[in-house]
Amino acid sequence: MKMLLVRKFRVLILMVFLVACTMHIMIDLLPRLERRGTEGRPGCSCPPPAAAPPRAAPRWPSKHTLRILQDFSAEPGSNLSSQSREAAERAAGGGGGGGAGGGGAAAAARTRRLIAPGAPRPPPPAAAAPLAALFQHPLYRAALPPLAEGDLLFNVNSDIRFNPRAAEQPEWQNEDNEEFLPTGETSIDSYPNWLKFHIGINRYELYSRHNPAIEALLQDLVSQKITSVAMKSGGTQLKLIMTFQNYGQALFKPMKQTREQETPPDFFYFSDYERHNAEIAAFHLDRQVKWICVERKVEILILDFRRVPPVAGRLVNMTREIRDVTRDKKLWRTFFISPANNICFYGECSYYCSTEHALCGKPDQIEGSLAAFLPDLSLAKRKTWRNPWRRSYHKRKKAEWEVDPDYCEEVKQTPPYDSGTRILDIMDMTVFDFLMGNMDRHHYETFEKFGNETFIIHLDNGRGFGKYSHDELSILVPLNQCCRMRKSTYLRLQLLAKEEYKLSLLMKESLLKDKIAPILYQPHLEAMDRRLRIVLKAVSDCIEKDGYDNVVENDFNTDVNTVTTER
């Protein structure tokens with residue numbers, strides 16, 4: 001009798017296991033079966049269409065696709081800037097509805113000015129530096145548009161109090177409880193530079209081209225006295241949050257690789273190092289590639305939005321500027337002296353936080369990047385969106401976009417990609433990541449106040465510039481599948497491919513301004529020129545296949561032959 005009960009129990013366990021496996025397989029196969037059914041393939045009761053259209057017929061996205069594309073900003077902790085993959089996964093767990101687009105009427109009423117693609121281009125001065133010559137080009141000379149009240153992240157005449165404390169790190173409270181209250185009665189010159197940066201954020205850009213506070217903020221990042229240091233929680237790799245004497249804060253990523261080292265070929269993209277010099281180079285690339293405006297006679301639209309927060313390199317004294325000022329006991333306990341008499345520490349994180357992967361100074365000096373913080377989440381909430389072309393983050397499984405060549409058609413029917421410019425913003429981000437070789441764009445963020453009519457913030461660029469000898473073509477899959485690009489983006493990429501405005505030369509000159517230059521190894525600069533040619537070839541192939549008007553989004557709206565001059 002006892003043996004009979006044991007056998008029955010074993011059979012029951014086996015049946016439960018088989019049922020669970022069957023359900024798992026059915027869930028995985030359901031989206032593919034739905035797609036095959038709508039295309040008239042075997043297994044569909046509907047007759048196939050009489051004639052195949054030249055482009056893939058639009059399909060309503062499956063439930064599986066809707067789930068992976070939805071906005072996760074309603075989840076606690078989803079607004080954390082520079083999220084790690086694990087933190088992003090936790091934020092994505094519950095799911096939430098996509099945000100409705102706001103400010104559409106205001107955007108339609110806003111004026112725009114564009115420049116004709118055939119406008120004359122003056123030759124650069126013979127003795128001019130590459131950057132100086134570039135900024136003399138008509139595409140780089142335009143006035144800023146007038147901003148409505150709803151286009152500003154903050155109204156400086158409001159009663160909002162800007163508190164330097166980070167909302168997600170309450171232990172860093174200022175003991176004096178000091179706050180900055182910008183009102184119309186105080187000159188903006190009296191504000192700290194980090195606050196000038198915050199109040200300058202608007203619907204179209206993190207900062208304006210001619211904002212002098214940005215250069216001053218970069219100087220603050222490398223010169224301001226560090227008064228407090230703590231580890232950033234929830235990261236895959238060690239990151240420190242530093243507070244300065246003027247109450248500004250920045251994210252510090254220490255040096256883990258030398259300039260000439262490449263990512264080991266056996267490393268997966270999700271276990272790659274986060275490089276401090278990649279963060280610095282990404283900021284400069286974002287400024288140079290995006291610094292273009294266009295104009296037409298009646299209206300003005302700024303297209304040169306800047307999406308990466310200011311980043312600067314700094315040489316930090318690990319003893320005086322980290323160990324002696326931190327109140328984080330977990331961080332303090334990891335400091336030690338190496339056999340070579342160098343000061344080392346390793347902190348706490350998911351990867352590379354051990355004595356074997358300790359960060360050591362020479363003897364106590366270490367390089368790192370400092371990225372300026374965005375406004376506190378209590379003042380300016382941000383939506384976190386799953387990148388439609390997010391990778392599987394698995395050693396064996398592939399993401400849906402890697403096996404479905406028509407994946408973009410589903411994306412384009414899913415909010416917020418079914419209207420507005422979000423799909424074009426994704427294409428811009430794709431080009432930006434491909435030039436850097438960044439495979440780690442799993443999520444992106446937008447400011448909640450502006451709804452869907454705003455730009456994408458490019459955070460976490462540390463896994464770029466890992467390989468100069470390899471071009472990861474899978475990063476370009478969104479562009480190859482969707483075959484869409486802004487005309488303004490296409491024109492400026494063509495401009496940066498010209499010898500007189502060569503991208504590698506512009507980047508090299510711009511990066512020399514950083515305090516820890518040189519930032520990039522020369523082969524990385526040369527790789528950017530090579531990748532730029534690959535992007536232009538991909539767009540050219542799309543145009544040959546689908547036609548220019550179906551690929552290049554005409555954001556000029558009219559033909560003009562006039563250009564603006566700087567204000």
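From the backbone N, Cα and C atoms, a Cβ is placed for every residue, glycine too.
TrEMBL labels come from automatic prediction, so no person has curated them.
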Out of 37-60, 181-204, 397-420, 541-564, which range is noted as region 'Disordered' by TrEMBL?
37-60
Could you state the CA-to-CA distance between Asp440 (active site) and Ala372 (ATP binding site) to the nearest Å?
21
Hey, what's the Cβ neighbour count for Ala372 (ATP binding site) at 10 Å?
24
Predicted model, mean pLDDT over the domain 'FAM20 C-terminal' (335-552):
94
Out of Gln237, Asp460, which has the highest number of nearby Cβ atoms, where nearby means within 10 Å of its Cβ, if these are the binding-site residues?
Asp460
As a test of the contact definition, list every same-chain residue at least 6 positions from Glu274 (ATP binding site) whose Cβ is closer than 8 Å to its Cβ.
Thr236, Gln237, Lys239, Lys253, Lys256, Asp460, Gly462, Arg463
